[in-house]
C-alpha cells in the first residue's frame, strides 16, 4: 500500500454516479475517482503528482503517487514470480510474533535459517560432487550428477532462468534425524541432519533419489535478501502501536498460512491495553496538503473572527462542539483536526497518562463554568503528529529559570525582577567562538571556554577592570531630619562615606545577584548600603595586557589576521574586490573597467597588491552565471551610481589622510607589518584597520567599518604613541557589540575565502572517515571477544552447576564406601578446570575492557576531529532552535581527579560552553508555525526595543499576565481569560499557536526573534526541558532523538561548568568573607550612639564642668591632628637623604611632638573622674569601634561583590596559548614567526597514526 507521510493511505469512497450519465467528467484511472469540474480534478491530480509518496515494499521515498503505485505493483509481481510458494508458509510462521524487532536483523536471521533448509514441493538442483563414485548409503539408487545430464531443462516456469546440463528436481519427502551421541563419552558422533527424497520435475520417469541438505540448492535468484525483505513488507505489520511491539502477519494472510492472532505469553506486555478508538486515524486519508494549513488557519480564526459580543461567541462554541465530535467519529480527516484543537489524550505520553489517571479536583471543576456537552470525547493518540495539533496541557514554568546575556555581557536569570536589554550580537559571538575552537589546531590557538572568552572581552572595558565599590553610610538624627526636608533625598555623612562623585555613579550591573540582593537587604533606617562603580582603569592598567585579562582576545584577533597574508607576503585569503547587489538582493561580482582602474591606482599608490588578480580570476567561476546581465543593468544606472560614488569619494577623502597615516605608521605599510608578523605593542590594531579597509567595498560590512574607523582613530595622531592611542580608543570608545562585530567580520571572511580553512575541512572529512574505519574494526573485534567471554562464562556456570548437583546427590556415610574411586577423584579435576576457566575469563575480560576503552576513545576522537558546520539539534513545537556547542570539533570534557575540591582555575576543567542554548525562531519559521504576519513581527520588534517584551506582547497580541497568575486576552475591548491562576485552560476558547507559545514562555520572556538566546546551564532545568518536550510531536520527537544519544555528554559538560564556577554554592573564600562580615556586624549601642549625643545636647543648660570637659576634648582632638601631621612629615624625612637641613628639621619636629604629648598627658590627668566623663569616653570608644567596622564592612562587601568577576579575570590571565608556544616558542601576539618546531602533527596520516597509537591496537594504518 502506498505510504503518505509514513502512513498507508486509504482512497476515498467512490462518489455516487450522477443522475445524468451523459455528462462529461474527469477521471483518474488509478484511483477510480471522477470529478465534475476540471478545477477539482486538477487540484487532486496535482496532489498525486507531488513527490511526497513512498513505496511501502522498497522504501523508496520522494515519489509521486503513480510512481509509488507502479513500484509496488512491480515488486509484488516480482515476489509472486520468484519467491518459492512452498517456502512462504514456513517463513511466515517463523516471522509471526518473532522476538527480533529490527527488520534488517530479521532478514539476516531468516536468510541464515532457511538457506540450507528445504521443504516438500520445492524445486531444487543437485550440487556437483568431487568424487562421483560417492553415494549415499541410505539411497534407493545412486544420486545423479549434473555432468551425466544431457538434456536441457525446458519444463517448468518459463519465467525462471533455464540452466543447461541441469535438471530440476522436486522434493517429495523430508525426514529429520537427531544427533547421534556416544552414551559413554557423551560426544556427538553424528550431528543432526536431514534427508530428502527427490523426483524429477519432468513426469517422464519414476526415479527417486535420497540426498542430504549439502547436496542440493535452490536457484540463487529465488532466495535473496532483497526478496525476503520484499516478502516482509508485503506480509508483516506491527502487532500493536506500543514501543518495541513484535512483527506479526497481516490479517488478510492469517488464514492463508494457517495462523492466528494468539499472543505469546512473554509478549503480552506489548498488547494494546484497550481497543483503539477511530482506528482509521492511523491511515492517512488522501487529502491535499493544504488541509494541514487549513488546520492551522482554523485555530487562528478564533482571533480574527471574534465577535464583538462575548455571549454570542460562547453560544456558537456550545453549538459547534457536539457536531464536530460527531463528525470526527465518521471522518478521519475531521478527527485529525479535533485532535489538534480540543481533544485531550490519555495515552499521549508518560506524563499524559499520569495526568489522565489522577482524579480531578472537584472544587476546581465546579468553579469553571463549563457546559455539560462541552468536553469532547477522549481518543487515543497512536502516531506521531504535528506538535501544535496535540492537546494543550498547561504552562511548564521552565523559562523563568533560564538565563540570558544582557548588553553588559552579564549572565542574568530570566526570573529576575529587573530585566535589561539582551546582547544583540550574542549570535555572532557564538559563531566566532565556535569557529575559533573548531579550527584552533589550524590557526594555532589553544582551547578556551565560552566563559573565558566573554571575560576576556569584558576585560577591555575600563570599568570592568576596576569593578564595584560598596559604600556604607550611618544615618544620624540630623541626616534623617535633613532627608525629610529635602523630600526624601538622603544626606551623606562626610566622616563615614566617600566623596560625592562616587555616590553620583551608582552601579547598574546585575551580576552576582545573590550577594547583591543580600547587600541591598541590609539597608535600614540607621544604616544605608550602596553599590557604585569604581573609578575607571587608568592607561597603565589598560596597557598592561599581560595582567589585565585582555591577552586572550588579542591572541584571537592575531590568529585570524595571520590567515590573510602568509610570511612570504602573498595573500592567502582572497576577497573579490568589487561587488554589487542586484535587484534580488544577491551579492555579485562587478566586472567593469572602473573597478579595475581603481584597483590599479590603489596598487600603484601603495606599492603593494591589495589582492592577487590571478587568484581572483580563479574565484570567478564560483559566482553567478548571470553576472553579465547585472553588468548591463548597472551600465544603465551609471548616472545615478556616479553621483553616489562622488559622495562616497568625498567622504573617503576626508577620512583618508588620518587612515593613511595610521596604515603607514612610521613609513611601514600594514601589509609589511602583517608579513613580518609585527603584532606586539598594539600593532595588530593597525593591521586590523588595514584588513577592514580592504574589505570596506563589501556592502554588508561598509556601514560598520566606517563607524569602527571613525571611533578608533584618534583626533590627534601622535607620532610615537599611535598604537597605544588606538588600543585605548578600542577599550574606551567601542562597545562590546562593536568589538564582537569586528571579530565576526574576520571570522566570516576567513570561513568563506581562506583556502587554509577549506583544506582543514577536507582533511577533517578524510580523517573522520579513517577513524570510522578503525572504530568499525575495533567494534567487530569487540563483538568477537565479547562472544568468547560469554561462552567462557557459560562453560564455567555449567561446571559449577554440575558440582552443585553432585554435592546435593552425595550419599550418606553408610553408602560412601560403595562409591567408585573414579567418582571420588572427579572433584579435584573439576576444581582445576574451574581455576583455569576463571583465569581465562579474567584475561578475556581485560581484552574486552581494553577494546571497549579503545572504542570509546575513537568515538571521542571522532567528535573532536569533526569540523563540519554546527547544526541545531532540532526545533521545539514553537520553532525555537536548540544548539549545543560541544557537539563536534571540540575536545571531549573530562572530570578532574577530585570533583569535591574547588579548582584553583578553570583551566584545570576543560569544559567548552557548559550549557544548552535556545534561539528564537526565524521570521519564516514564526510565520509558518505560529501563523504570525510580517506586520505583527515588525511591530513586536519595534515595541520590544523601546518598551520591553511584555509591553510588546500585550500591544501586538493582546495577551498579558495578571498578578494572580492568570492570562487574559483582549480584543475589541472584550477581555477573555485564557488560563486561570490554577493553570486550567478555558474550554470555550480555541487557542492559537501564538497564544500557546506566550502562555508557555510568559509574555515577558517570549522568544520571537533569532537575536534572542536563552541558556540552560543547570541540570534540573535540563531535566524540566526534557520532560516538557513531547515525544508524540513531529519536531520535538526529532529533537529528542538528537539529544538522547548525547545526554550524558551534555550533563557532564553542565556539571563541569557548575563545579568550576560554583554556580550553586559559595566557595571557601566567599564563606570566609561572610564569616568575617558576621563578626563585624553593628551592635545596637553602636547604631544609637549618635542619638545619645543629640539627647545630651537637648537635655538643657550645660554645667561649668560640661563646658570644661568639652573644651578639653576639643583641645585633645586638635593635638591628635597635629601629631598625625608631624608623624607623616617625619616618615617622609626618614626616607629622604640625610642632609644637615633635614636633620635639623627632624630635631625640630621631634621637639614639637614631645611638647604636644606633654600637653595631651596633662589634659588627661586634669580630667576628674565622674559618671558624665566616663559616659563620654565610652561613647567615644563606641564611635571609634563603629568606624572600624564601617571600613571593614566596606572592604568585605566590596570583595564579595567583585569576587567572582575577579576570579574569572584571574582564570583568563592564567590562560596561555600552549599550542603556539609549542610550535614557535612564543604567543601569536608576541610576533611568533619562522619555521615550526619538529614534531608538529599536520598531515592526516600522522594524525591517524597518533590516534591509533594511543589505543591498545598494535597494527597502525598504512599511509596512502
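Glycine too: its Cβ is placed from the backbone N, Cα and C atoms.
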For Swiss-Prot, the entry region 'Disordered' belongs, out of 757-779, 780-802, 803-825, 826-848, to 803-825
Please find, within the list 540-568, 569-597, 598-626, 627-655, the residue stretch that Swiss-Prot describes as region 'Disordered'.
627-655
Need the matching range: Swiss-Prot marks region 'Disordered' on one of 130-153, 154-177, 178-201, 202-225, and I'd like to know which.
130-153
Which range of 428-454, 455-481, 482-508 is region 'Disordered' in Swiss-Prot? It is 482-508
What are the DSSP helix/strand/coil residue counts across the domain 'WAC' (23-130)?
52 helix, 14 strand, 42 coil
